[in-house]
């Protein structure tokens, strides 16, 4: 701390600017991007039910359980492939351009899904969903790259969780209104037309008003820019040439493997429930389409609310020195994966006669995933602010590679969609993945900046010392602002 104070003993001392600034405007843009991005992901999970239930008013298709599982999983085929290219493109050209263009392409493709179903049946729908998945693969690496430049350390838990909670908000909102869309004169195709159009509008707004770094926007004040650049832990504002990616050091780091395990556990559980809840509610709990839509949305509204409650608690516990960052990440990740694990085990024994309890367990099982956002999801930036986007590309790619098989596993197990016993096996498998994923994170996980964050070994020692000094200063600043 002393070196930092001597260096900044004059007017160069960084002071925290106003509570609300341009960093919050950028966070809001990214929140909306996450929400609308999940519109584009989730629409097929909601639409697959009315698409296969003929009411005489709109087109319908005779797709069996295996075919529906292929359609639901096809998104991940493209999604997995694009993770690393997206992270490298974001590092090379900036997250703003890659994310904005990819979302525009994704949105335009979504609008053509009803036509694809009519002209090419499920095969062409799968092709379009692969393209949608490929473009959506840019979301997490690009957003992580952007947030690493915009979010100060002492605001990391709240702002990151707020941005990523857009996924739950978007999921919940779309599922809630999908029933009304299906009952409209346009029927189920409306969900693809509306979500695609919204995505195009957001892409245009983001390409105009978004920014890769504080230096790239004319709207930010000098005080806020200095504050962000001094407290992000990123070397972007200090170096004109990109740092080389430390592949060997990264892949020989045990804490990185702990992070991968936690990310895999979360993604398998989250996407299994996301893609299968509407089908489960229709065939086991026997809700109609409109009621199904509202109740399918409930767990994600609950998760979104918990995101906004849990994240400031996690930040406060760290900033007031109640918990170390590492302990905080592990505790909240355990809440976020092992509470859902218990709920899913109990859900496996529910029947149609226990609808209220089943909905409660589903709501808590999905909702408490929110705590993981203060666990594994922030951990990339804890370990390496300079390579957070690259790490996100790796962990998200690997976790979603496994998630490709989640709907396929459900399709192989649930031959009879009205069999509670077969759904019980699905829930037990998901619970086991949660158990193992978080268990490995507890053993190997850390939340300290790793030496390989400073890939230029000739200057890593000096950079690390300076970073530690700045971290101490930021901790003091956050404590003062909290008191």
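Heads up, the Cβ atoms here are built off N, Cα and C, so glycines get one too.
Values in this document were obtained by computation on a predicted structure and should not be read as measured data.
Of the candidate ranges 3-24, 69-90, TrEMBL annotates residues 69-90 with the feature transmembrane segment. The stretches the transmembrane segment (294-318) and the transmembrane segment (158-179) meet in space: the count of Cβ pairs below 8 angstroms, excluding pairs fewer than 6 apart in sequence, reaches at least three.
Between the transmembrane segment (390-413) and the transmembrane segment (97-116), the number of CB pairs under 8 angstroms, six or more residues apart, is fewer than three, so the stretches are not in contact.
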